[in-house]
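Undergrad: Just dropping this structure here.
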Amino acid sequence: MKVYNTLTNKKEEFLTLVPGEVKMYVCGPTVYNFFHIGNARTFVVFDTIRRYLEYRGYKVKFIQNFTDIDDKMIKRANEEGSTVKELGDRFIKEYYKDADDLNIERATKNPRATEFMEEIIKFVSDLIEKGYAYEIDGDVYFSTKKFNSYGKLSGQNLEELQLGARINVDERKKDPMDFAIWKSQKPGEPAWESPWGMGRPGWHIECSCMAYNLLGETIDIHAGGSDLSFPHHENEIAQSEARTGKQFAKYWLHSAFVNVNNQKMSKSLNNFFTAREILEKYDADVLRMFMLSGHYRTQINFSMELLDSTKSALDRLYNSINNLENLLDEVKNEELRDEELEYKNELQKYKEKYIEKMDDDFNTADAISVIFDLIRDVNTNVTIESSKELVKYTLDLIRELGSPLGILQESTKASLEEEIEKLIEERQKARKEKNWALADKIRDNLKERGIVLEDTPQGVRWKQI
């Protein structure tokens, strides 16, 4: 298995610190709002990578944190007239609802930064003691010049960074690139007692501390969105390695942005969507498959038209699954016949190809293509003449390959029939109202999904083709 390591900018053989075990830390949300589709891609990508590692036999300890104390949270809480804790509690609950709806598996642990104040204060104290940090007026800063390899993750040169950092710099800092690891209390802010007075941690130290306390000095995978590479992950490396003298993370994985209608997502452009808004209109399978239809290191473009295309493609997969489920009830032969054995063995090539694609830096786009190839093969070769054993095997194989992607696990019969009957009712209503355009549109949309309608004297019947 090979993974692309941002630290070295190349694909590397994936070799864990302890054979068969993976320690993985993913930067989670700041819990002051619902998470948007850009966040959703990050969560889906690393949920999929975690699932695939488990599919390949690894025991994964998966930590994803909640940032529940930070400038954005303080601002939002003050605007609402609530406390930061109340805000955090509310949006952690909302995160779980949306993540569950998106079929994201629960982490081994979701630590909250505020649960680790004693450990964070100890971390800051150790950095001061080792000469990597200094205190000024209750604020504590990390000295980037003391950490010789600062910039190694993002590939940035410290001298160039210093030139760019001289605008609006805090004159008290020894160097413009030094960053806060402890902030003194300002009026109206929550604070904790520390050797430097009342204050709160900087954002970067929170993740370093939680990773250290829950996973140890060195971890296998540290991951997050590509926007976190600098300064967040760069600063995490500096703090952690300064404290322990050991490599912080062996592999760094970063997922790319989601653009909306070929533009960067932003509230000012009115192209900002929360995952919840999309999940009200589309099933989780649709959003997951869309997010995984491009390589995780490549930016993807989001639009409702592209989601509709993904839905149509997914419907074709589910139609095939539905046909196989129906065949299970209809086929007469129970046991695998001799002439089917060779075909069953041939189907293994799809599993091998799928693993080959996913082992190559988790290439979900190509893995999904393999599933479509499998479905096309099965549609042609598994029929009413096949044995029940072969039909069941093909169904199980499709679901097995869908499982690491978090798709194709539902039984389709009831939900598909219900949806089609509802659309037929809408079409009948449109026809009564002489809205022929809508009636034809519903019929054509169903036909695209492999559903043909037959108008009979007894009513409308439908069948899959």
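Quick reminder: no glycine exception, Cβ is built from N, Cα and C everywhere.
On a predicted model such as this, the values are computed, not experimentally measured, just so you know.
Per Swiss-Prot, the features are:
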BINDING   C27, C207, H232, E236  Zn(2+) binding site
MOTIF     29-39  motif ''HIGH' region'
MOTIF     264-268  motif ''KMSKS' region'
BINDING   K267  ATP binding site
Undergrad: Would you count the other CB atoms within 10 A of the CB of C207 (Zn(2+) binding site), including those on all shown protein chains?
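TA: Here the count is 27.
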Undergrad: With Cβ-Cβ distance below 8 Å and at least 6 positions apart along the chain, what are the contacts of E236 (Zn(2+) binding site)? List them in sequence order.
TA: H204, C207, S208, A211, H222, F248
Undergrad: What does DSSP say about H232 (Zn(2+) binding site): helix, strand or coil?
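TA: DSSP call for H232 (Zn(2+) binding site): helix.
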Undergrad: Should C27 (Zn(2+) binding site) be counted as helix, strand, or coil on the basis of DSSP?
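TA: Looking at the DSSP assignment, C27 (Zn(2+) binding site) belongs to neither helix nor strand, so coil.
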Undergrad: Determine which residues of the same chain, besides C27, C207, H232, E236, have their CB within 8 A of the center of the CB atoms at the recorded Zn(2+) site, and list them by sequence.
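TA: Other same-chain residues near the Zn(2+) site: W203, H204, E206, S208, H222, G224, L228, H233, N235.
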Undergrad: Fewest other C-beta atoms within 10 angstroms of its own C-beta: which of the binding-site residues C27, H232 fits that?
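TA: The binding-site residues C27, H232 were compared, and H232 has the fewest Cβ atoms within 10 Å.
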